[in-house]
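Visitor: Per TrEMBL, the features are:
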type	residues	note
REPEAT	62-104	repeat 'WD'
REPEAT	187-221	repeat 'WD'
Amino acid sequence: YVQAMQELFRANTRSREFPAHGAKVHSVAWSCCGRRLASGSFDKTASVFLLEKDRLVKENNYRGHGDSVDQLCWHPSNPDLFVTASGDKTIRIWDVRTTKCIATVNTKGENINICWSPDGQTIAVGNKDDVVTFIDAKTHRSKAEEQFKFEVNEISWNNDNNMFFLTNGNGCINILSYPELKPIQSINAHPSNCICIKFDPMGKYFATGSADALVSLWDVDELVCVRCFSRLDWPVRTLSFSHDGKMLASASEDHFIDIAEVETGNEKLWEVQCESPTFTVAWHPKRPLLAFACDDKDGKYDSSREAGTVKLFGLPNDS
């Protein structure tokens with residue numbers, strides 16, 4: 001597998017950048033079918049691109065938030081719906097078939113994390129005050145709200161939709177039953193701040209990234225750490241599993257994105273070169289294409305101006 005993928009990337013080693021926003025891009029995510037990529041930015045907007053052959057074609061820019069769009073995600077099975085979390089104390093649900101926002105839900109604080117449950121019924125949003133609100137995706141009303149006594153970083157359901165995971169500032173992973181939201185377990189995962197968490201599409205593993213620059217891989221059923229990846233030097237900000245669950249991309253302030261093979265772990269599959277820290281990475285749901293966004297400056301004209309571009313790695317060298 002490693003050799004086959006390395007050969008593939010040798011022939012498809014290009015990254016291209018596409019203008020997306022007027023300021024830095026915080027979050028990128030693919031729709032479930034892989035036809036569209038959405039990006040959320042400090043410029044208070046979201047953008048949606050269509051993937052056409054080997055390029056992203058901007059379809060729309062979504063305006064309405066009064067503050068930075070920090071995170072966004074798509075409905076797990078409806079390729080037309082996505083949701084954005086903003087510092088303006090709202091989340092907004094958008095339908096790509098119109099440019100209008102189909103729902104604005106007011107929340108209590110400045111929102112920084114958002115995820116959609118695998119069954120599509122619930123949206124969970126976390127704010128800067130460590131409150132997680134569970135919103136009914138149909139009625140757009142709050143179903144439950146939990147105030148946590150620790151710094152909540154990233155949140156996610158497991159693929160079976162019966163457990164809810166949070167990474168926290170003390171290096172732990174907290175696991176709650178769902179929908180009861182009763183604490184099941186707290187795992188001491190890292191010696192320092194546990195930042196991000198992702199589940200692999202096969203439901204076998206989840207991965208966490210930490211301020212200690214380590215990525216740890218966990219067995220979903222046993223809740224034990226299977227292995228660690230330690231090729232980054234800076235806090236791990238973002239993670240993504242490939243569609244087959246066999247590759248894990250992780251990124252930080254290091255000027256490369258690490259692509260590891262999940263099963264052996266010790267073998268570096270590839271690294272994607274970047275010129276600046278990376279905020280967000282997302283593998284395409286069907287192809288070995290990686291979308292990402294960095295803290296790039298628009299050096300040609302003004303070295304302090306943020307470039308606001310979205311990038312795509314895995315394109316043919318001759319494209």
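Quick reminder: no glycine exception, Cβ is built from N, Cα and C everywhere.
Automatic, uncurated: that is what TrEMBL annotation is.
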Visitor: May I ask for the residues of the chain that lie six or more residues beyond the repeat 'WD' (187-221) and have a Cβ under 8 Å from a Cβ within it?
Guide: 151, 153-160, 165, 167-173, 175, 227-230, 232-241, 243-245, 248, 250, 252, 258, 260, 262, 265, 285
Visitor: Helix, strand, coil residue numbers for the repeat 'WD' (62-104) per DSSP?
Guide: 0 helix, 23 strand, 20 coil
Visitor: Based on DSSP, tally up the residues of the repeat 'WD' (187-221) by helix, strand and coil.
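Guide: Counting residues per DSSP class in the repeat 'WD' (187-221), I get 0 helix, 19 strand, 16 coil.
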